[in-house]
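Asks: Shown below is the structure under consideration.
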2 protein chains.
Amino acid sequence: MYRTHNCGQLSESDIDKKVILSGWVQKTRDKGFVVWVDLRDRYGITQLVFDEDRTSSELLARARELGREFVVQIEGKVIERASRNPNIPTGNIEVLVEELTVLNPSKTPPFTIENETDGGGDLRMRYRYLDIRRNPVKNKLIFRSKVTMEVRKYLSDQEFIEVETPYLIKSTPEGARDFVVPSRMNEGQFYALPQSPQTFKQLLMVGGLDKYFQIVKCFRDEDLRADRQPEFTQIDCEMAFVEQEDVLDAFEGLTRHLLKEINGIEVEKFPRMTYDEAMGRYGSDKPDIRFGMEFGELNAVAQHKNFNVFNTAELVVGIAVPGAASYSRKEIDALVDWVKRPQVGAKGMVYVKCNEDGSYKSSVDKFYDQNDLAKWAEATGAKNGDLILVLSGSAGETRTQLSALRMEMARRLELRKPDEFAPLWVTDFPLLELDEETGRYHAMHHPFTSPKPGQLELLETDPGAVRANAYDLVLNGNEIGGGSIRIHDREVQSTMLRHLGFTPEEARAQFGFLMDAFEYGAPPHGGIAFGLDRLVAILGGQETIRDFIAFPKNNNGRDVMIDAPAPIDKEQLEELGLKLEVKKV
Amino acid sequence: MYRTHNCGQLSESDIDKKVILSGWVQKTRDKGFVVWVDLRDRYGITQLVFDEDRTSSELLARARELGREFVVQIEGKVIERASRNPNIPTGNIEVLVEELTVLNPSKTPPFTIENETDGGGDLRMRYRYLDIRRNPVKNKLIFRSKVTMEVRKYLSDQEFIEVETPYLIKSTPEGARDFVVPSRMNEGQFYALPQSPQTFKQLLMVGGLDKYFQIVKCFRDEDLRADRQPEFTQIDCEMAFVEQEDVLDAFEGLTRHLLKEINGIEVEKFPRMTYDEAMGRYGSDKPDIRFGMEFGELNAVAQHKNFNVFNTAELVVGIAVPGAASYSRKEIDALVDWVKRPQVGAKGMVYVKCNEDGSYKSSVDKFYDQNDLAKWAEATGAKNGDLILVLSGSAGETRTQLSALRMEMARRLELRKPDEFAPLWVTDFPLLELDEETGRYHAMHHPFTSPKPGQLELLETDPGAVRANAYDLVLNGNEIGGGSIRIHDREVQSTMLRHLGFTPEEARAQFGFLMDAFEYGAPPHGGIAFGLDRLVAILGGQETIRDFIAFPKNNNGRDVMIDAPAPIDKEQLEELGLKLEVKKV
């Protein structure tokens, strides 16, 4: 037996007990006559003591030899600690060691196994198994496990059934790029790894399972933007005989349960906002509503003066940054530079300082008098002491730019509090979005999303205006879930695919099984999928997902620890009927 | 709102309530003046009634038009049923329909949606979404969901952490064939899909997570024997600071929990048996111990007579089949034919009838007298009325053949009761097994399994004799789990890989990351993996796993419903730097 207790367990009530502990040497302190060793495991740290009075010199000598991260087993007696440490649960005791066994020595680790480590990101990824020993990483993995368990408990209690759908499925060119898997038994043919179990969960509804969920890996072969992974995890859900309201209710319940059980926070009914409203008020379909700075449209009050930049703009829009009227000229110039960066792309920025005395000072005083500016303040809700920041240009771009500026100002003003949670439903998304490059319409959510009742005909005349039974759950400015009421009628699905540019043959080849299924009694159905990695990160008060994933890949899709992907044997390729044909660069 | 209640919910206490129900038309019965419709959903069946007295003729006419599997929504009043049906929970009521909406019509399904269907296996797989509507399939999927939830609850309560390990990993030629995934971003390189998360779970132990589990898909590109799937699910577990005893305790606890919660059966401490004992007593490393018929070795009592077949055999071994002395000559001949089938491969079979009067009648009376045969009866434990069946030949083959015969006799005598559960630990497996074809030793479990203490040296002199810290959990004659205490020492792992035929370079390339990890304080660790598909099937009292999988593949690895795998676009291949090179046949 390697241990009678773990390293986070012993307390005063165990004093005088004989115990066996195993763990890692966190550190040793040698005071000459006494050696203390901090023994660490997942559960905590227990202080071991070896001293001249009570420990044999041979044992004391061996204790002195212990290096960082050695794995040791000890036997000893729990004693009261002279100088107590109130910061850890075991801080009132220590263990006087009687026997010491080194189970495995350790080379000096390439970085310190401490909450604050000296290891850089790359080094920590290469030795991920050492990084996981650090509390910040370990605790995030434990946190993730706790969240998924709560998700499962809640949904099971609501009679959802977890069903595993297949990983070896069929490639569909719609959407992102698939990872494919050559089939040896069906030479020249390929499986694809699922980008989501979408069609399977719809078939489960056709199959009468009524309420389905699954926590499942999904795969997308995309060029990786920061904080994206080629494999990611979804909480995938679907319900039959539901309207949008039923789905929102069910998953508002789940999210409220998580906020309560995981974060100890009770949230009232989640606010809702249409896509159009969210774009108008925040310039974003995933607004962070933990803070204000709502958009004030200024066309009516800022145009038709002599300022041509505004007169020629489709949209003039501003936000009031609370308490920022005191910004110096230098600080404001820096903001102008920030919005002009290529990542944001604004051409310039106009500001108005709303002074404490009620007067205004702006960068466009030449064109606007105090009365004009008072109207800007009214439109943006600016109060004395606030700073109004105004962008202009084409409506879409300007909203996106001002949304980025709004988030940046919130960051600088520390308004994005990690322990505050503001969920929001965004509804009535457009069904289609225009790809500017190809001039083709794409499904904004996916091709199985139903248009709003009565809007099917609009597809023919004004496709961009069709609204969908689609909704996103937004938490603190992040989309954590998205879903829709699906099409369950073969004709509607055919029409939809035709509008997305599928020939009848392509539609048949790729989605024939689903459209066939719709002819055998498909019930109305809809669902949602949550991005688990992101959800867990946000509940954990973090911005990045990487440390909530045990073994993440880097931005080139590589696992640098195991060094994958890697070349494979010629024989393996031959068995698969494949030949490498590396492209010339 | 599509429904106020589901179809399994209404009872006498709901009489006079107005309700809305949605579901599928199971069947309609038209008696002229009255039409009954059975409305079905996942939860049950509710009888709808339309009659001339209380229903408009228009509505009655529409009810008559309803076809099987139409999806309908009704509004109506719950009333007491005239002729009650005690067999279903809703049998005391029916719903007098006031409004009827067809939500989706249905073509006539290709097979009946009944517990006993007229559809063949292939047809049902093609229309799997219809097959899932049938109770036997639906209930198995619900059962599986319940089992996995219980697994998670139990292990979480025991402080196991569920960690998701990656699906895009690295190919290793050891073991079965990998499915590979070409990397577009790393051209000419491939990921592999995991055959198990073995190395990752070991790294999590090196990382200090202490107790890990995961319910996870695994992949093997094997030629598919019956009832095998290219993708399958494991309950994968690992623990640090454990000896074999700790692992057996932990997962005996899990299994006992499942038997209790799922099957309502309390099982005492599981019996244990070494591999050698299991092979000796049952000719199998996964004996079904729900019944006797243990092997009786007969070399001592059957050799050195004049029966040359036995005299030249390495092993003479028999079983006593209870109550089978009454078998006719014809029945026994059929058994002889059965053991001679190529799937079993015995050259012949000797029998002894133990008559009720205490006399013996055998097929070898020419060579053995009553005293001789009495010794056989003693060795096999045969009682009056039993039939002794004896095989002989080389020890390994003969044991395997007699084990097959023992299982077949148990099947015929209905001794394999699906509601009886007899778990068994089999321990002390050989570390290596000889591949007769290549003359090379393979790891019987996997290359990370540790030899028994003190047996490492034996690897040099007698590799086949080395026993491993490896164990299987057997339930009713099926291996449902297998595991081992792992190697956690770099040198031992190197030695092991060398004995398995890896050059140092190969070992480095494939498992370097693991051996490096062993140098940074790897704790002793071990674990187990359960085959979830099989476990669920056995707990469900079934022999085949297919219906416990929502969307299984056929024996050619094809999903016939979605028609995968399938060819992919030339552009996709080009992007991956691949070219098809189909082999000539």
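Including glycine, each Cβ sits where the backbone N, Cα and C put it.
All TrEMBL annotations are machine predictions without curation.
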Asks: Any idea which of B:38-41, B:50-53, B:150-153, B:198-201 is down as region 'Aspartate' in TrEMBL?
Replies: B:198-201
Asks: Out of B:GLU164, B:GLU277, B:GLU479, which is the one TrEMBL records at the ATP site of B:ARG220, B:ASP221, B:GLU222, B:GLN229, B:GLY531, B:LEU532, B:ASP533, B:ARG534?
Replies: B:GLU479
Asks: For the binding-site residues listed here, B:ARG220, B:HIS445, B:ARG486, B:ARG534, which shows the highest count of neighbouring CB atoms within 10 A?
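Replies: Answer by Cβ density within 10 Å: B:ARG486.
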Asks: Which state, by DSSP, holds B:GLU222 (ATP binding site): helix, strand or coil?
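Replies: In the DSSP reduction, B:GLU222 (ATP binding site) maps to coil.
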Asks: Find the shortest Cα-Cα separation between B:LEU532 (ATP binding site) and the binding-site residues B:ARG220, B:HIS445, B:ARG486, and name the residue that gives it.
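Replies: Nearest listed residue in space: B:ARG220.
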Asks: Residue list, the region 'Aspartate' (B:198-201) vs rest of chain: Cβ under 8 Å, 6 or more residues beyond ends.
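Replies: Residues 165-166, 169, 212, 214, 236-238, 446, 448, 511, 513-514, 527 contact the region 'Aspartate' (B:198-201) from elsewhere in the chain.
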Asks: Can you figure out which of B:ARG220, B:HIS445, B:ARG486 (the binding-site residues) comes closest in space to B:GLU479 (ATP binding site), comparing Cα atoms?
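Replies: So, spelling it out, the nearest of the binding-site residues is B:HIS445.
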Asks: Including all protein chains shown, what's the count of other C-beta atoms within 10 A of the C-beta of B:LEU532 (ATP binding site)?
Replies: 27
Asks: Going by DSSP, give the three-state secondary structure for B:GLU479 (ATP binding site).
Replies: strand
Asks: For a quick check of understanding: given the listed ATP-binding residues B:ARG220, B:ASP221, B:GLU222, B:GLN229, B:GLU479, B:GLY531, B:LEU532, B:ASP533, B:ARG534, what is the maximum Cα-Cα distance in angstrom, as an integer?
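Replies: Between the outermost Cα atoms of B:ARG220, B:ASP221, B:GLU222, B:GLN229, B:GLU479, B:GLY531, B:LEU532, B:ASP533, B:ARG534, the distance is 21 Å.
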Asks: Once near-sequence residues are set aside, which residues in the chain of B:GLU222 (ATP binding site), 6 or more away, have Cβ atoms under 8 Å from its Cβ?
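Replies: Sequence-distant Cβ neighbours: B:ALA176, B:ARG177, B:ARG228, B:PRO230.
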Asks: List the Cα distance (Å, whole number) between B:ARG486 (L-aspartate binding site) and B:ARG534 (ATP binding site).
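Replies: Pair distance, Cα basis, whole Å: 24 Å.
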